[in-house]
Amino acid sequence: VLSPDDKKHVKAAWGKVGEHAGEYGAEALERMFLSFPTTKTYFPHFNLSHGSDQVKGHGKKVADALTLAVGHVDDMPHALSKLSDLHAHKLRVDPVNFKLLSHCLLVTLAAHLPAEFTPAVHASLDKFLASVSTVLTSKYR
């Protein structure tokens, strides 16, 4: 459960991401594909090379979903319901992949926002991404 301080940290950090959200989303995906090559199996039709339009496009989708989650942090299950359905029933993404992408997002944010990425912000973002992952996997049961 996110505390009031966690929510404050997440909103402030995501506010700093701002217009770079899509770029950071794509970078996190590239990190995931390089660090965890088995994740590529969910994107057989993508050009996964550095800077590809498909990776950039999906990175923007990831960032947009996180922006939605930040904006509805008190009601993420409702806000992310359609996305949860998509990943559980159509795409059938193994839930472990959300943890891998979350890790890569944290690394990306730490690299781009070193001054803002304090231990408290890191912990809050980690809890937030874990909450998003829980919501996205809630319909797998």
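Positions of Cβ are set from backbone N, Cα and C atoms, glycine also.
Since this is a predicted model, take the numbers as computed values, not measurements.
Residues annotated as O2 binding site in Swiss-Prot, with sequence analysis given as evidence: HIS58. The heme b binding site annotation in Swiss-Prot covers HIS87. Swiss-Prot lists 1-141 with the feature domain 'Globin'. Annotated N6-succinyllysine per Swiss-Prot: LYS7, LYS11, LYS40 (among others), in sequence order, evidence recorded as similarity to another entry. Per Swiss-Prot, N6-acetyllysine is recorded for LYS16, and the stated evidence type is similarity to another entry. Marked as phosphotyrosine by Swiss-Prot: TYR24. Residues or ranges marked as phosphoserine by Swiss-Prot on the basis of similarity to another entry: SER35, SER102, SER124, SER131, SER138 (among others). Here Swiss-Prot flags THR108, THR134 (among others) as phosphothreonine.
Positions of Swiss-Prot features highlighted on the structure.
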residue	record	Cβ within 10 Å
LYS11	N6-succinyllysine	14
LYS16	N6-acetyllysine	14
TYR24	phosphotyrosine	21
SER35	phosphoserine	12
HIS58	O2 binding site	17
HIS87	heme b binding site	21
SER102	phosphoserine	19
THR108	phosphothreonine	23
SER124	phosphoserine	22
SER138	phosphoserine	15
Rounded mean pLDDT for the residues that make up the domain 'Globin' (1-141): 94
Number of helical, extended and coil residues in the domain 'Globin' (1-141), per DSSP: 110 helix, 0 strand, 31 coil
Residue pair LYS11 (N6-succinyllysine), HIS58 (O2 binding site) - Cα distance, angstrom, rounded: 22
Fewest other Cβ within 10 angstroms of its own Cβ, chosen from the modified residues SER131, THR134: THR134
Modified residues listed as LYS7, LYS40, least Cβ neighbours within 10 Å: LYS40
